[in-house]
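Chemist: I have a structure here, written as structure tokens, and I will follow up with some questions on it.
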């Protein structure tokens, strides 16, 4: 029939449609079981109304573009309705699953610990902060600005902790004892130190060009000295505390720099001169120097006695940290042996456990500066011994970091109380931060002079060397935690000022640094002539 939407090709001469159907559905009884014999049926040609050409069924299945516009709209509406069908599908199902998992985590912990997991308890506060910080990081990462690198999720985590602390209704319910928060931050610090130690490439270390060496050490040292002098005169810090603050500020953040550099590298900007690789490689060594300097000053600041005793104490802590790191590193080099099962898992457990033990043990034995050095040296030596196998261990450590990162930045934000901050303190901390940043940018520019870079490239490198985040969050509160352990009120005030500067540094430089890199990179760096750029490994 011409009015029919479908027409069936005849099975053969003299057979009508009913006969073809009978042949197709012919039933045969065999051993009492009825089976159906199928004959090959000619393909069905689909005809559409309004004079449209027939649609091939393969194209109909594989492409929505072949459908008439009205059919596409109906399909989209059906897909949206299906998301709320029973049982739920898609995003609706994902939301229900995630909420259920969060509630179950709390319910399981509550069933074991009781009141500690109710509002006002430590475990309730930790879980609330963890989920809030993770949600804040997710929301920040959803902000997409075309042609710009994404905002670092750590910014949302930091702000989530800050809001929890400074909204009275929430603050009364989310309470975390300072000993619990200090312990969690120290665990996060141990994980960061392990990642930094494993991330050091001995081959790159041997082949470091002069410009990479200068960029790793020059800005960090000069900024630390600048912050020490400025804080000594305008904030009243002792020089040891000033240098401690300086080394907190002196580290650049791989969490901001590396993703931004990878985006530029993928698009071919600065690749011919190796600028993304230079910044990613120098970042690790810059962080190691800052952490080492901080731990040395930490030991000197909390030692009692004369200046000579303080210096000797600082040197002793460095020696003890390096010696313990060498011992643990050689142990991990040979144990577990390569013939054991689950080798990667055992290595990951041992290096994490030893690093946490080193950080907490150094505090217990009165050598607070030794734990960080021990962990760095141990992880570096273990990475050399494991060679290419260390990549799997790094992946496992990264999972631990994914858990503790929201806790770390959330706890740092939760330490800052607007009510307890004095305007003059914020002003002095901001002034110290700005002066140190200006000096760092200038020194970074000088460090890459006479290295074959153009003026625009030098300016870009100096600006890209500005962001602060991960290291500041990890070590910014260590001095405050140590002072609280010793119950020294004067040192607690110094420690809170150090933490405030670290908080402001993250809040200001992390988003601005990411935006500056994304905006200035395409304008100041030369684009590679080759359209295909091979991504080089990140640090």
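From the backbone N, Cα and C atoms, a Cβ is placed for every residue, glycine too.
So Swiss-Prot lists the following for this protein:
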type	residues	note
BINDING	252, 283, 286, 287	Na(+) binding site
TOPO_DOM	1-94	topological domain 'Cytoplasmic'
TOPO_DOM	198-208	topological domain 'Cytoplasmic'
TOPO_DOM	236-241	topological domain 'Extracellular'
TOPO_DOM	251-278	topological domain 'Cytoplasmic'
TOPO_DOM	299-308	topological domain 'Extracellular'
TOPO_DOM	333-347	topological domain 'Cytoplasmic'
TOPO_DOM	366-369	topological domain 'Extracellular'
TOPO_DOM	382-398	topological domain 'Cytoplasmic'
TOPO_DOM	420-425	topological domain 'Extracellular'
TOPO_DOM	449-469	topological domain 'Cytoplasmic'
TOPO_DOM	482-494	topological domain 'Extracellular'
TOPO_DOM	518-539	topological domain 'Cytoplasmic'
TRANSMEM	95-112	transmembrane segment
TRANSMEM	122-141	transmembrane segment
TRANSMEM	153-169	transmembrane segment
TRANSMEM	180-197	transmembrane segment
TRANSMEM	209-235	transmembrane segment
TRANSMEM	242-250	transmembrane segment
TRANSMEM	348-365	transmembrane segment
TRANSMEM	370-381	transmembrane segment
TRANSMEM	399-419	transmembrane segment
TRANSMEM	426-448	transmembrane segment
TRANSMEM	470-481	transmembrane segment
TRANSMEM	495-517	transmembrane segment
Chemist: Under 8 angstroms for C-beta pairs, at least 3 of them, ignoring pairs fewer than 6 apart in sequence. Is the transmembrane segment (242-250) in contact with the transmembrane segment (370-381) by that rule?
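Modeler: No, the transmembrane segment (242-250) does not contact the transmembrane segment (370-381).
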Chemist: Sort out the sequence-distant neighbours of residue 287 (Na(+) binding site) for me: same chain, 6+ apart, CB within less than 8 Å of its CB, listed by position.
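Modeler: Looking at Cβ-Cβ distances below 8 Å from residue 287 (Na(+) binding site), excluding near sequence neighbours, one finds 196, 251, 252, 254, 471.
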Chemist: So are the transmembrane segment (470-481) and the transmembrane segment (209-235) touching or not, going by 3+ C-beta pairs under 8 A with a sequence gap of 6 or more?
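Modeler: They are not in contact.
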Chemist: Give residue numbers and ranges for long-range contacts of the topological domain 'Extracellular' (420-425): same chain, 6 or more residues beyond its ends, CB-CB under 8 A.
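Modeler: Non-local partners: 497, 500.
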Chemist: So which one is it: of the binding-site residues 252, 286, which has the fewest other Cβ atoms within 10 Å?
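Modeler: Output over binding-site residues 252, 286: least Cβ neighbours within 10 Å is 286.
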Chemist: To what whole number does the mean pLDDT across the topological domain 'Extracellular' (420-425) round?
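Modeler: It averages 84.
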Chemist: Using DSSP, tally how many residues of the topological domain 'Cytoplasmic' (333-347) sit in helix, strand and coil.
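Modeler: Helix, strand and coil residues of the topological domain 'Cytoplasmic' (333-347) number 7 helix, 0 strand, 8 coil.
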Chemist: Same chain, outside the transmembrane segment (348-365) by at least 6, Cβ under 8 Å from its Cβ: which residues?
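Modeler: Same-chain residues near the transmembrane segment (348-365) but 6 or more away: 183, 186-187, 189-191, 193-194, 321, 324-325, 328, 332, 335-336, 371-372, 374-375, 378-379, 382, 393, 396-397, 400, 482, 485.
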Chemist: Using DSSP reduced to three states, classify residue 252 (Na(+) binding site) as helix, strand or coil.
Modeler: coil
Chemist: Would you list, in sequence order, the residues of this chain other than 252, 283, 286, 287 that have their CB within 8 A of the centroid of the site's CB atoms, where the site is the one recorded for Na(+)?
Modeler: 216, 220, 251, 253, 254, 257, 282, 284, 285, 290, 471
Chemist: Looking only at the topological domain 'Extracellular' (482-494), what are its DSSP counts of helix, strand and coil residues?
Modeler: 11 helix, 0 strand, 2 coil
Chemist: Tell me the residue counts in helix, strand and coil for the topological domain 'Cytoplasmic' (449-469), as DSSP assigns them.
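Modeler: The breakdown for the topological domain 'Cytoplasmic' (449-469) reads 10 helix, 0 strand, 11 coil.
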Chemist: At an 8 Å Cβ cut-off, counting only pairs 6 or more apart in sequence, do the transmembrane segment (153-169) and the transmembrane segment (495-517) clear the bar of 3 or more pairs?
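Modeler: When sequence-distant Cβ pairs are counted, the transmembrane segment (495-517) touches the transmembrane segment (153-169), since at least 3 lie under 8 Å.
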Chemist: Do the transmembrane segment (209-235) and the transmembrane segment (95-112) come together with 3 or more C-beta pairs under 8 Å, pairs six or more apart in sequence?
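Modeler: Answer no, regions not in contact.
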